[in-house]
Amino acid sequence: MKKKKKINTKTKNTIPILYWCSRNMSFWSSISFNLAVLMNLLVAFFYPLEGVRGGTLEPHLSALLWMAMLVSLAIVIVLPQPHGIRALIASTILRLIFSVGLEPTLLLLGAFNLCNKVIFLMSFVGNRGTFTRGYKAMILDVEFLYHLLYLIICTLGVFVHVFFYSLLLFDLVYREETLLNVIKSVTRNGRSIVLTAVLALILVYLFSIVGYIFFKDDFILAVDRIPNKTLGMLKYSGVCQKENGENCSAEDKERTCDSLLMCIVTVLSHGLRSGGGVGDVLRKPSKEEPLFAARVIYDLLFFFMVIIIVLNLIFGVIIDTFADLRSEKQKKEEILKTTCFICGLERDKFDNKTVTFEEHIKVEHNMWHYLFFIVLVKVKDSTEYTGPESYVAEMIREHNLDWFPRMRAMSLVSSDADGEQNEIRNLQEKLESTMKLVSNLSGQLTELKEQMTEQRKQKQRIGLLGHPQHMNVNPQQPA
């Protein structure tokens, strides 16, 4: 980011055009791709171009075309939208085709695409700082070399032949990740595929030797010769004739295994391309021939070992690799959708919480806010750091990411704390109610004890009063 800021500041002050180009790099790339598709459509439908000339339109059609151009131009000036730009380009190209012809129009489109690619390359250099890193870095930059090759192909298409424009369509592979995975499915396990292909070549070589030794006479293939004088044939009014005047058929047969090299070429070419193996193109033997059983075994072994096993091994490696790449892509997309980039917590951790996962990644752990904070720490004077900024700056210098809240979030901590406080509050309420109940029971027990003590005293008092020795009356004194 510092390098880009330095490059942009320098180009903005010294080369304003380069600064303007570097700000619109994706726009130039889109124009190049659309022009490549358009030029290839014109070449595919109207080649050879010499037979297509600019025609004359009727006055009302010509006026309608001019009106479409002006309306599209007005829409682009007032409200620059992609659809308006496309309409303006389409009407302009139609006007050029009918005015100057298809070949000059294609030449103009190629020249415009070449200039556009030069502008794109300037913007690419401005953004990446390719030249500022030295020639070695420039040569090792694969992306820069790709765009340079694209520019060379555009140049060849303008000055050499229009068929070079077809190579520009491979830019779709560079632009689409799905097509890149298709290419990677072959290149990732390239070693396995190459070794399996080597095994197939070894088997073809062995079957060629066996065919050369035992079945040389069976390698007779039908060929379609081109009638010409060098082959001793002449063609008059559609009838093929030899020099001696005899008729000859356009289809002829020839031996293709008189040498081991020709056997290898035949088995490799026709054997791998045939669904049933090399036996599909060889002579059909009779069951009365002595080598009939050997020929059946030869054809079946080639079919099972080369066609079924080896070729399916190659196809299986490619298909499995593509499936693995697709699974990795889906897994990455799933992680990006369901996992916080900052803390690493998954979506299910925020279910039934006060903060949803979307609010968490947009407000609480917004990754762009973290990036802005890192940029602030890098551009701010160290003498003006606050406590957290000093801590983060030190961690950044040490390339330590411990300051990131890994597997933590304030919303989850607060919700957990609230839950604990609620549980403690409930326990306190239950404890208070229990204490009140215990105090009530204690009071009632105390009252009960006092009542029992009072009753016991009264009983004792009544008992003392009813005993004779405690009475003041003399029993012998008459009443």
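A Cβ is built for glycine as well, from the same backbone N, Cα and C atoms used for every other residue.
Database features (TrEMBL):
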- 27-49: transmembrane segment (TRANSMEM)
- 61-80: transmembrane segment (TRANSMEM)
- 92-112: transmembrane segment (TRANSMEM)
- 102-329: domain 'Ion transport' (DOMAIN)
- 148-173: transmembrane segment (TRANSMEM)
- 193-215: transmembrane segment (TRANSMEM)
- 300-323: transmembrane segment (TRANSMEM)
- 410-458: coiled coil (COILED)
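Sequence-distant neighbours of the transmembrane segment (193-215) (same chain, 6+ residues past either end, Cβ-Cβ under 8 Å): 186, 257, 260, 263-264, 266-268, 271-272, 278, 282, 291, 294-295, 298, 301-302, 305-306, 310-311, 313-314, 317-318. Only residues 6 or more beyond the boundaries of the transmembrane segment (27-49), in the same chain, are considered here, and those with a CB under 8 A from a CB of the stretch are 21, 93, 102-103, 105-106, 109-110, 112-113, 116-117, 119-120, 123, 150, 157, 162-163, 165-166, 168-169, 171-172, 175. On the 0 to 100 pLDDT scale, the model's mean across the coiled coil (410-458) is 78.
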